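As recorded in TrEMBL, the features of this protein are as follows:
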- B:211, B:236-237, B:250-254, B:267-274, B:288: FAD binding site (BINDING)
- B:5-190: domain 'Electron transfer flavoprotein alpha/beta-subunit N-terminal' (DOMAIN)
Ligand SMILES: Cc1cc2nc3c(=O)[nH]c(=O)nc-3n(C[C@H](O)[C@H](O)[C@H](O)COP(=O)(O)OP(=O)(O)OC[C@H]3O[C@@H](n4cnc5c(N)ncnc54)[C@H](O)[C@@H]3O)c2cc1C
């Protein structure tokens, strides 16, 4: 079984500083991390390898610093790391990103072996909201399952897999043919710590890096800014929270006050009647 | 813009979801053209039509099919593509819901269209429509434009106000026959979680608990309060990790994003990842023992106190009001 995980290096938004004028992430003062949600994807892929055998590859699109993210996947037990890195990819929105990644995935199939599965995280913390995975699957003509909380079973012989996914009202168990793309929910697992041998291997690991020229048959008009139908016009800060009113006084006073503000809004009371 | 708009409508227990009316209003901010709402699965009733007309829809397109009663991206994609071929829209709108998040990127890739997700506001500048969405876990907002048709976007529930029109439109109804073929994935089992009935992402009131609830006992109080107020219960990741409640209730960066009229945070410290999921709520009430808890920085009303002391009399007070 050959599984590919898609991973992204992102600015650590928790501690990120924003440029005071442009409100873009100030890269010089911000550390980069592997998108936390992607580590769950790596963990899921490595566990599949442990259960069913086979290999795991990882792929990232990004600047040269993304090597660190690939190394982190190697630490966790990934076999082969790939990057696509080129100015031609810069400024890509989700559509252009999905296109580039799908072309690279096809090259990985030619370089290593055909893929059975692609796993992605739920979303990235720097602004994408889970569009890339489904976009890649569409380009490859594969089935997608998002919000996966458990991989129940893989039947390699029949080329089928069964997963549990969260939906609006609960869960559903779905069986789908392979190859497929899964976007996993963080609750699926707890990413492991690196083992000593994998750490040693990762420290020296050099991923295969492809530029746009290395991707045979790529349509350059679909890459980067050129291939992106949506454009960022402006970035601005949210209104500053001022911190509100502290409700003082005895417990009784506090409860009275709360009851009062809740009752002040007739529209809330209306909602109440629906139940 | 004058092109047609297509909206993927959603229903819950046979009733239109609020986000569909919001999407109708959003579409009208983008185009002056005809607004078509698509409903999949079962046919619709008169009240649905009337409701859509009141909020400015011109046409209702339904595709009735057994395979569309329950969401699968396979069947929904086939239906959506048929609808797009039929309507030829220049604007396609989805709710930023479980279904919208799943299907919109697939359709966008298929159409080679630009997609902007999680839109919270739409503004026009010099005749160009700008879509506003949060980035960096709510630390900033960006305005994006879409350079070519079709324009696709998903809207975050509870942000774009649904606008009722003074004179409701007379909605033209049309049914599209569709043969759904080669379904590749099969749903083997559907497990419905017993929830209080109100959908978390669309609830007007959310009562949310963190590690400070200490466990199921604490959450029992939250469920009681949510019940008397007609709200839904949410949770911090801390509470989910501790096993107090299911991850389906998690609010925050890696959970659900909610923007209710009222958010009551009980025993939640207010980590940035949690704030990312709720700080845009219209009114925030926080109950926390620790006066330094960061949740107080975003709260409109902060109560420094023990939730186990504050909640019972509050619930009692509302029970009395309700029975009065
Ligand atoms: C990548 C990543 C993603 C994350 N995503 C999310 C997310 O989506 N959502 C999320 O919520 N978190 C998320 N987190 C976790 C987040 O950082 C916090 O750890 C979590 O929100 C803390 O939960 P909490 O507030 O319930 O617990 P704590 O931080 O332990 O706070 C408990 C609070 O309860 C108060 N308290 C205790 N007893 C009482 C009482 N009797 N009455 C009143 N108050 C009391 C305490 O004063 C304290 O402030 C994420 C973290 C990471 C690293």
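The backbone N, Cα and C atoms fix where each Cβ goes, and this holds for glycine too.
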Residues satisfying Cβ distance under 8 Å from residue B:271 (FAD binding site), sequence separation of at least 6: B:236, B:238, B:252, B:294
Lowest local Cβ density (other Cβ within 10 Å) among binding-site residues: B:211, B:274: B:211
Chain A neighbours, restricted to the binding-site residues B:211, B:253, B:274, by C-beta under 8 angstroms: B:253
Least Cβ-crowded entry, counting other Cβ within 10 Å, from the binding-site residues listed as B:250, B:253: B:253
Long-range Cβ environment of residue B:268 (FAD binding site), under 8 Å and at least 6 residues apart: B:208, B:209, B:210, B:211, B:212, B:236, B:238, B:274, B:286, B:288, B:295
